[in-house]
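According to Swiss-Prot, the active site, nucleophile annotation covers Cys81, on the basis of sequence analysis. Marked as active site by Swiss-Prot: His176, Glu178. Residues or ranges marked as ATP binding site in Swiss-Prot: Ser230, Gly231, Gly232, Val233, Asp234, Ser235, Ser236. Look at Swiss-Prot and you will find 4-202 tagged as domain 'Glutamine amidotransferase type-1'. The feature domain 'GMPS ATP-PPase' is assigned by Swiss-Prot to 203-395.
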Amino acid sequence: MHDKILILDFGSQVTQLIARRVREAHVYCEIHPNDVSDAFVREFAPKAVILSGSHASTYEDHQLRAPQAVWDLGVPVLGICYGMQTMAVQLGGKVEWSDHREFGYAEMRAHGHTRLLDGIDDFKTAEGHGMLKVWMSHGDKVAELPPGFTLMASTPSCPIAGMADEARGYYAVQFHPEVTHTVKGRQIIERFVLQIAGAKPDWIMKNHIEEAVAKIREQVGDEEVILGLSGGVDSSVAAALIHRAIGDQLTCVFVDHGLLRLNEGKMVLDMFEGRLHAKVVHVDASEQFLGHLAGVTDPEQKRKIIGREFVEVFQAEAQKLSKAKWLAQGTIYPDVVESGGTKTKKATTIKSHHNVGGLPETLGLKLLEPLRDLFKDEVRELGVALGLPPEMVYRHPFPGPGLGVRILGEVKREYAELLRRADAIFIEELRGTTATAQDAAAGLCGEADVGKSWYDLTSQAFAVFLPVKSVGVMGDGRTYDYVTSLRAVQTTDFMTAHWAHLPYALLGRASNRIINEVRGINRVVYDISGKPPATIEWE
């Protein structure tokens, strides 16, 4: 049995990042709404509790409180932002509106050598005070400490930026240690979880396989399962895990909608039919998909058509597999969060995800989602532990609608052929080019990155087809051909992203190869937009 950390969600958009930081410390955790019952908290039996941030105001919304059982359990509690404020109010302190609201970077002074912050700082002042570079996002502030608490941290505009009652193991910070902008945030969360709470760091994917296999066997029994295999990381790892558990009780359905990457179908079939000896039904439905996409230019409409046609094709195949009782999906935790479908139901919906909600209930199948509570990095670790090749497991994310949302405007077979070849060349150049000491000296990467491929140094990279033509010259003749844009970003969480500063030589080679090898494209541009304001995908 794993030690568990209970994260109570008060509605913050970054609550899932708290969970990710805890998991990175190899400790299991779950997110649940702040209004769970006292009985639930006691039955959960956490080693510690973390209270999240919120968009709400502590003194205006009196419904957003932690259950009384949190304070009765006798376990350590960490309050973050709003979590600090509700801790203060519930334990006898005072919170009020701040005249100086803080949103963004701040330098915070640590006080009192508490167990949480002792020895953790980014720099020291001339007087020897430890300072932390943190990320703030609050309009209220704790004005009066609860009985038994001492000051733990402060900023010029927030005199009580942290507080602690070490006798009871209660700690609270006004900043957000879960976001990457707080430089020592991960260290602070690890300190709380591992040292203060004393949780065992035994949440390791290699060990998780045995538990997951046992759970799948218990759920499924001797019934059969079907899974839509896309070639992406999530569905591939889900397929490998389920196949490990139940073997030939699993049938994978691989639908080729004509919008896959170059040679993707062959790679998937070679892996699952050839190496894993799994049952795979291969359906070439490219004519059907491209036919329904003809004349459609709106991005959301394209997504809906691709989703609808996939359901139709998959449903037809599922009906042929009459013994199947389960539908398996590669849904992972961020999918659930982004669709506003967390266990808390408090996060605002960001976008509709193609996995969440799944296929229509008319299939009459039970849902099997063995990766639902895992983050992407955990899924990748699991995939490697299951024996999938790293080049498959560590591929960059690929949208469910495939190249359909990387072709701007109407989708045509001609456009898809041009794009997949251009994209393959760009990815090949990224994989084949390693960062050099000169790149590090120029600030394109860190010194520790020297020797790594630029594919591994980017989080997502791809080509985009622009349905416009430009004039060019090749040989002695004039050309009038299409334009493609290259896109590469670096990010830790995909919620924000920076465009990747790739070496000019790499971009030059990719451009020259695309123009020379892909007949029909005569101009290549590079997208230098961050997220925000742009999104990572163009559509």
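Cβ atoms here come from the backbone N, Cα and C positions, even for glycine.
Sequence features, as recorded in Swiss-Prot, placed on the structure.
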residue	record	Cβ contacts under 8 Å, 6 or more apart
His176	active site	Val14, Gly53, Ile80, Cys81, Val134, Trp135, Met136, Ser137, Thr182, Gly185
Glu178	active site	Val14, Leu17, Ile18, Arg20, Arg21, Ile80, Gly185, Ile189
Ser230	ATP binding site	Ser236, Phe254, Val255, Gly330, Phe398, Gly400
Gly231	ATP binding site	Phe254, Leu260, Arg261, Glu264, Gly265, Met267, Val268, Phe398
Gly232	ATP binding site	Gly330, Arg395, Pro397, Phe398, Gly400
Val233	ATP binding site	Gly330, Lys376, Val379, Arg380, Gly383, Met392, Val393, Tyr394, Arg395, Pro397
Ser235	ATP binding site	Leu227, Gly228, Leu229, Gln329, Gly330
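Looking at Cys81, Asp234, Ser236, the recorded positions in this record, the fewest other C-beta atoms within 10 angstroms of the C-beta turn up around Asp234. What surrounds the ATP site, by Cβ distance within 8 Å of the Cβ centroid and not counting Ser230, Gly231, Gly232, Val233, Asp234, Ser235, Ser236, is the set Leu229, Val237, Ala238, Gly330, Phe398 from the same chain. For the domain 'Glutamine amidotransferase type-1' (4-202), the model gives a mean pLDDT of 91.
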